[in-house]
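K.L.:
TrEMBL lists these features:
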{"type": "SIGNAL", "residues": "1-23", "note": "signal peptide"}
{"type": "DOMAIN", "residues": "42-144", "note": "domain 'Cytochrome c'"}
{"type": "DOMAIN", "residues": "186-293", "note": "domain 'Cytochrome c'"}
{"type": "BINDING", "residues": "Cys201, Cys204, His205", "note": "heme c 2 binding site"}
{"type": "DOMAIN", "residues": "308-398", "note": "domain 'Cytochrome c'"}
{"type": "BINDING", "residues": "Cys321, Cys324, His325", "note": "heme c 3 binding site"}
Amino acid sequence: MKRALLNRLAHGVLLAACALTLAACGREESSTSGAAFTSTPEQVARGRYLTKAADCAACHTAKDGAPFAGGAPLASPYGTFYGSNITPDKDHGIGNWSADDFYAALHDGNARGKRLYPSMPYTSYRQLSRADTDAIYAYLMTVKPVALANRENELKFPYNMRFGMALWDMVFLKDALPDASAGQSADWQRGRYLANALGHCAECHTPRNVFGQLVDAKPLSGAALGRVVAPDITPAGLAGRGWTAADLQTFFSVGIAPQGSAFGEMYPVVHLSTQYLNKDDVRALSVYLLGDTPPAPQPVKAVDADAAQLAAGRSVYLAVCAGCHGLAGEGKPHVAVPMNGNSTVRQADPHNLLVAMLDGIDTQKFAGLEDMQAMPAFASTLSDDELSQLANYLRATWGGQPANVAAADVKALR
């Protein structure tokens with residue numbers, strides 16, 4: 001452990017030294033184009049669709065804020081990033097940007113001479129075509145300009161030294177991301193573009209290394225996001241939790257599937273982005289995630305667990321959960337999702353399940369008339385022991401997972 005820590009510190013010192021050397025060589029110049037940009041109604045309409053597919057609003061629209069005016073916080077181990085104003089306001093937004101400037105930001109992480117942090121996923125958007133980037137630019141130039149100043153990021157040292165990103169890009173920025181599935185069909189190819197470029201799925205679902213770069217050897221295999229975990233969405237990971245292509249398509253279009261509903265970090269992805277994808281793109285996205293030859297969905301495995309331990313958890317379930325989720329974990333439409341076969345319950349890592357029980361889940365509104373009632377938080381009403389017993393009952397009974405959640409695991413997440 002000490003050797004690993006020393007190696008990381010040594011690498012960090014080397015990185016900082018190289019970054020300072022680069023900074024001493026001079027600052028980057030602003031890159032603007034004198035070419036006029038003229039858009040068409042068709043291009044603007046396509047840009048509106050692509051902007052939703054790229055989920056731009058999730059980071060660039062604050063809660064109760066004006067569309068694309070920035071200010072949404074993104075917490076990370078490095079500090080807090082804030083989405084920038086990308087309305088066509090000339091003082092605070094991108095109103096003075098050319099289409100070339102916009103392309104450079106999305107493709108190279110270079111915002112008119114200012115290096116972006118990869119919290120803005122140019123590491124994925126780099127794969128966008130120039131035509132699609134221009135369409136997004138054309139649409140953003142039509143939204144209402146908002147004169148709202150950008151909020152400065154609140155980052156720890158040395159991550160607040162933005163010039164170090166020049167070296168980071170030199171070492172880690174790639175033209176393509178590795179695939180987690182296999183395929184060659186037209187749907188697979190389109191889905192690859194939707195997932196890896198527009199949807200930037202890897203930014204949350206692929207683990208990162210010590211310098212924040214994506215681990216190429218583990219694409220879409222799941223990653224820690226603070227207290228929660230972005231689950232494994234490889235073909236094996238999805239099939240292991242019972243997902244089929246049809247279920248994925250329903251989930252992306254509506255937000256609810258037999259495996260559960262979108263909540264937490266995934267709720268705005270569905271609410272602001274995937275529900276607006278057309279049927280062909282939803283199908284393509286599911287084909288890419290599962291591959292041209294998808295693995296068979298796996299049934300919930302029987303688990304050999306201590307009967308006395310499960311009895312304690314069952315008592316908690318009957319007292320506070322069964323009224324909504326059902327005695328047999330079958331759930332209730334428009335009230336609560338099933339626990340039997342629930343994707344979160346079936347995850348090997350219990351973090352998401354525990355955080356949902358501790359924090360609760362807000363009322364969820366989905367496409368059409370679909371919705372789910374709010375789930376109360378149990379952090380103040382159930383003890384660590386009771387929550388761990390409940391989690392173990394759910395996991396062993398309906399998730400095919402071992403009853404190995406300890407009270408200390410719950411306490412660590414409070």
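Using the three backbone atoms N, Cα and C, a Cβ is placed for every residue, glycine included.
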K.L.:
Can you tell me the CA-to-CA distance separating Cys321 (heme c 3 binding site) and Cys204 (heme c 2 binding site), as a whole number of Å?
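P.N.:
So the Cα of Cys204 (heme c 2 binding site) lies 30 Å away from that of Cys321 (heme c 3 binding site).
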K.L.:
Look at the binding-site residues Cys201, Cys204, Cys321, Cys324 and tell me which residue has the greatest number of other C-beta atoms within 10 angstroms of its C-beta.
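P.N.:
Max Cβ neighbours within 10 Å, all protein chains included: Cys201.
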K.L.:
With H, G and I counted as helix, E and B as strand and the rest as coil, say where DSSP puts Cys201 (heme c 2 binding site).
P.N.:
coil
K.L.:
When the pLDDT values for the domain 'Cytochrome c' (308-398) are averaged, what is the result?
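P.N.:
Overall, the domain 'Cytochrome c' (308-398) comes to a mean pLDDT of 96.
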K.L.:
In whole Å, note down how far the CA of His205 (heme c 2 binding site) lies from the CA of Cys324 (heme c 3 binding site).
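P.N.:
Here the two Cα atoms lie 30 Å apart.
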K.L.:
Using all protein chains in view, find how many other C-beta atoms are within 10 Å of the C-beta of His205 (heme c 2 binding site).
P.N.:
25
K.L.:
Where does Cys321 (heme c 3 binding site) sit by DSSP, helix, strand or coil?
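P.N.:
In the DSSP reduction, Cys321 (heme c 3 binding site) maps to coil.
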K.L.:
As a test of the contact definition, list every same-chain residue at least 6 positions from His325 (heme c 3 binding site) whose Cβ is closer than 8 Å to its Cβ.
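P.N.:
Tyr317, Gly331, Lys332, Ala336, Val337, Pro338, Met339 - these are the non-local Cβ neighbours of His325 (heme c 3 binding site), listed in sequence order.
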K.L.:
How does the domain 'Cytochrome c' (42-144) divide up by DSSP, counting helix, then strand, then coil residues?
P.N.:
42 helix, 14 strand, 47 coil
K.L.:
Which residue counts does DSSP yield for the domain 'Cytochrome c' (186-293) in the helix, strand and coil classes, in that order?
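P.N.:
Residue counts for the domain 'Cytochrome c' (186-293) by secondary structure: 55 helix, 12 strand, 41 coil.
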K.L.:
Sort the residues of the domain 'Cytochrome c' (308-398) into helix, strand and coil with DSSP and give the three counts.
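P.N.:
For the domain 'Cytochrome c' (308-398), the helix, strand and coil counts are 41 helix, 8 strand, 42 coil.
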K.L.:
What other residues of this chain sit with their CB within 8 A of the center of the CB atoms of Cys201, Cys204, His205, the recorded heme c 2 site?
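P.N.:
Everything else in range on the chain: His200, Ala202, Glu203, Thr206, Leu220, Ala223, Ala230, Ile233.
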